[in-house]
Amino acid sequence: MNPEYDYLFKLLLIGDSGVGKSCLLLRFADDTYTESYISTIGVDFKIRTIELDGKTIKLQIWDTAGQERFRTVTSSYYRGAHGIIVVYDVTDQESYANVKQWLQEIDRYASENVNKLLVGNKSDLTTKKVVDNTTAKEFADSLGVPFLETSAKNATNVEQAFMTMAAEIKKRMGPGAASGGERPNLKIDSTPVKSASGGCC
């Protein structure tokens, strides 16, 4: 068993371009935020280790490009993901409407029992909000998927989103699931593709 951690979970952030995926990752992994927006090119990732129920869990979080032209690059990262976080922008109705399309991508490329989490980001922009919390919650409930509204800018629910995902995966793995080093299905077999760092908006 690897002494550094008990579990290694690979998470994937997906959603339309500009919804704040990179911002959520920066806030969770580095506790930083930037107003500038630089589009993620292809795929980027960060690692953060957390403690959950007395276990050390290493989270490898992959941030994907939302643009159509990168879909072929990013689709390969669905395989082997333990959890996928679908992000939309609460001030952008189209990004919410496209959640269904992203869920289809998960069905097409990810493993059958992958954990999912729906996140409505930019909750701090209350006056510009167009996607109703209740509507999104009901949609998530109909899929049996946890739902949270977050703000990468003021750190609202960001920690909770990733911790919820880690807890759901750990629950699915069950007490018999071994460490990242022992079980092949917990090993990360993707070759890291380092990209230009994604900015935020």
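Count begins at 1; order follows the chain as displayed.
Here the Cβ of each residue, glycine as well, is placed from N, Cα and C on the backbone.
Of the listed segments 49-64, 65-80, 145-160, Swiss-Prot assigns motif 'Switch 2' to 65-80. In Swiss-Prot, the motif 'Switch 1' annotation falls on 30-45 of the listed ranges 30-45, 94-109, 110-125.
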